[in-house]
Amino acid sequence: MDAAALALSIILLAAAAATTLARGATHPADQAALEDLRKSLTNPDALGWPDDGDACAWPHVSCDRTGRVDNLDLKNAGLAGTLPPSLPSLAALRDLSLQGNSLSGALPSFRGMASLQRAFLNDNDFDAIPPDFFDGLADLLEISLANNPRLNASQGGWTLPRGLADSSLQLQALSLDNCSLTGGIPDSLARLTGLQNLTLSYNNLSGPVPAALNGSAIQRLWLNNQQGDAKLSGTLDVVATMTGLQELWLHGNDFSGPVPDAIASCKELYTVRLNNNQLLGLLPPGLAALPALRELKLDNNNLLGPVPALKAPTFTFSGNEFCAAKPGEACAPEVMALLHFLAEVQYPNRLVGTWSGNDPCAGWLGVTCVQGKVTMLNLPGYGLNGTVSQSLANVTTLSEVNLAGNNLTGRVPDSLTRLASLQKLDLSMNDLYGPLPAFSPTVDVNVTGNLSFNTTDTQPTDAQPNGESPRPRPTPGASAGAGGNTSAGGIPGSGKKASSAVLLGTTIPVAVSVVALVSVGAVFLCKRRASVPPQAASVVVHPRNSSDPDNLAKIVVATNDDGSSSGTSHSGSSSGQAGDVHVVEAGSFVIAVQVLRGATRNFAQDNVLGRGGFGVVYRGELHDGTMIAVKRMEKWRPVKDEAEDYLGIDLHLPLLQMVKSWQDAEAGGLTDGGGSVMSLDDSKGSIPARPAGFAESFTSADGR
């Protein structure tokens with residue numbers, strides 16, 4: 001052997017010796033942890049580890065130069081058994097791959113494994129996870145516990161702990177599919193600003209996608225097929241803000257509402273599965289235009305309108321209510337017009353259930369047709385929200401539109417004036433504002449009970465329907481609109497605050513079942529001779545004698561600055577000195593119940609202040625911001641419920657019979673045994689004296 005060969009042999013032997021020495025320096029804690037792992041398995045031979053020797057020399061184990069184990073790769077090794085509690089002693093471990101085995105039992109806490117970057121524990125049979133499992137995983141980038149369906153199942157599942165977001169702010173991938181997660185998606189995930197892959201499928205999650213995830217950088221979002229009775233729900237509005245999305249799997253849940261227009265901003269989407277949800281309405285054009293889209297599944301929802309024409313190789317859409325059977329086919333013009341109207345009233349489920357197909361004359365709720373032409377849209381009191389769509393002008397055969405008693409806002413669209421056949425437009429009892437467009441004089445327009453018509457308030461600054469630019473509302477006394485036979489719910493009056501007169505000056509007859517209850521309640525309260533004046537911001541209703549023009553009905557709204565109010569009755573319209581007391585003469589019967597409904601948002605439950613002797617008291621707000629309290633009478637009994645009669649009148653009688661008894665009693669003079677019940681002293685309370693002809697005031701203008 002020459003000198004050169006001898007020198008090379010010496011170098012190789014030295015290198016081998018150095019490697020042996022390095023491997024022989026395995027950290028004692030790591031050596032012990034791996035020995036514990038071998039002992040905890042029921043088939044340790046599957047590891048291929050020798051019975052003794054240095055752990056850094058064992059198969060599937062890698063160590064750094066200091067003898068610390070930094071990689072343990074045992075995926076798909078056929079291992080069975082449990083993991084030892086000492087496993088977290090591998091303090092330098094960066095990569096742990098245990099997926100695809102048959103490991104079971106409880107997971108040990110990984111608390112304090114600060115160097116761990118990737119942990120794959122998926123596709124095993126672990127049955128418990130400690131609450132501090134994620135604590136202190138400061139370097140964690142990716143973790144998967146997917147397909148461990150028995151995790152804490154005996155305890156009803158588990159929720160994602162806050163420790164994950166507190167410790168692992170740099171986390172990029174979180175895979176927890178099919179591992180018995182319960183509850184909602186936690187807001188704390190929003191703190192993981194680097195999160196790209198979030199897969200939580202096949203769990204028992206419920207509730208909405210949290211608003212905190214708005215604008216998240218997530219690229220893969222799998223939330224599909226939640227297994228509980230309550231599934232993930234709510235709209236897709238938050239999801240549509242995740243503009244970096246590439247994979248969106250939401251199928252098998254209860255997501256609802258329309259697919260947002262903002263989905264068009266997610267230009268990297270290539271697979272979208274929205275099938276088997278409760279999505280509804282028209283599809284946004286931007287969905288079909290997504291440049292990278294390769295798969296779109298929309299089956300089994302409540303989608304309407306035309307099927308978009310897509311270039312995606314995989315596109316399924318069965319089980320919906322589309323107007324056409326093939327992608328790209330157009331709907332009838334009146335169908336599209338009505339569906340755009342439906343979109344702007346926020347797709348009420350009651351209508352979505354019947355407004356399907358390509359023929360609105362085929363049983364669409366609220367739609368009336370004559371000879372196959374849509375002539376009437378009749379949806380009063382349907383709880384519609386949103387705005388009146390200008391698209392109704394495209395239903396050119398409409399002769400009547402009735403949208404009264406809903407919650408519509410915004411302006412009345414100018415486009416409706418183009419409906420040549422329109423004869424009647426009823427938009428009363430909503431929250432619309434003026435000015436009213438110039439309808440033909442032949443059109444009967446009713447906007448009564450829209451408290452924002454004809455006020456000094458300025459128009460809301462948010463976007464208006466139909467893309468129209470904001471317009472200021474007219475001042476009191478201005479016409480509600482030009483042309484048409486219009487009822488705008490108010491005419492100018494006198495007094496310091498003309499808005500009160502505008503609100504209540506011209507009213508329609510009130511239903512006897514409402515007014516009689518208010519009025520009879522007033523009579524019985526008169527008997528109490530209350531010594532305390534009405535509370536600030538209260539409404540007092542005085543019945544009127546229709547035969548006595550000097551004894552008009554009056555509404556008193558007291559809003560004193562010092563929190564008190566006047567207990568004195570007033571006639572006409574006036575302004576108080578200590579505060580403003582508005583007394584408005586009602587032009588017909590007592591007061592339009594529409595005004596009270598508007599002020600209390602149709603006696604909404606969230607406006608309930610309390611309950612009095614005769615009914616529920618509601619908070620209300622007039623158009624000028626005045627706060628009022630309105631008692632809605634539910635019965636016509638004295639304050640003491642046990643009383644069976646009052647002044648000989650049986651309180652169990654039907655309303656009309658009791659009114660007749662009042663009429664008969666008035667003719668003979670009502671007394672309490674000593675004199676007239678309605679003496680002047682009675683007017684000192686919160687309800688003034690009963691005027692003559694009280695019983696007759698129950699009768700409406702048409703005698704009913």
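Keep in mind that glycine also has a Cβ here, set from the backbone N, Cα and C atoms.
The annotation signal peptide is assigned in TrEMBL to 1-22.
Across the residues of the domain 'Leucine-rich repeat-containing N-terminal plant-type' (28-64), the predicted structure has a mean pLDDT of 94. Annotated domain 'Leucine-rich repeat-containing N-terminal plant-type' per TrEMBL: 28-64 (among others), in sequence order.
Residue counts for the domain 'Leucine-rich repeat-containing N-terminal plant-type' (333-369) under DSSP, split into helix (H, G, I), strand (E, B) and coil, are 16 helix, 3 strand, 18 coil. For 333-369 (among others), the entry in TrEMBL reads domain 'Leucine-rich repeat-containing N-terminal plant-type'.
Per TrEMBL, the feature region 'Disordered' maps to 450-496 (among others).
Residues annotated as compositional bias 'Polar residues' in TrEMBL: 450-467.
The annotation compositional bias 'Gly residues' is assigned in TrEMBL to 480-493.
As annotated by TrEMBL, region 'Disordered' applies to 559-578 (among others).
Residues or ranges marked as compositional bias 'Low complexity' in TrEMBL: 563-576.
Per TrEMBL, the feature ATP binding site maps to Lys640.
Per TrEMBL, the feature region 'Disordered' maps to 681-704 (among others).
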Using DSSP, break the domain 'Leucine-rich repeat-containing N-terminal plant-type' (28-64) down into helix, strand and coil residues and give each count.
20 helix, 4 strand, 13 coil
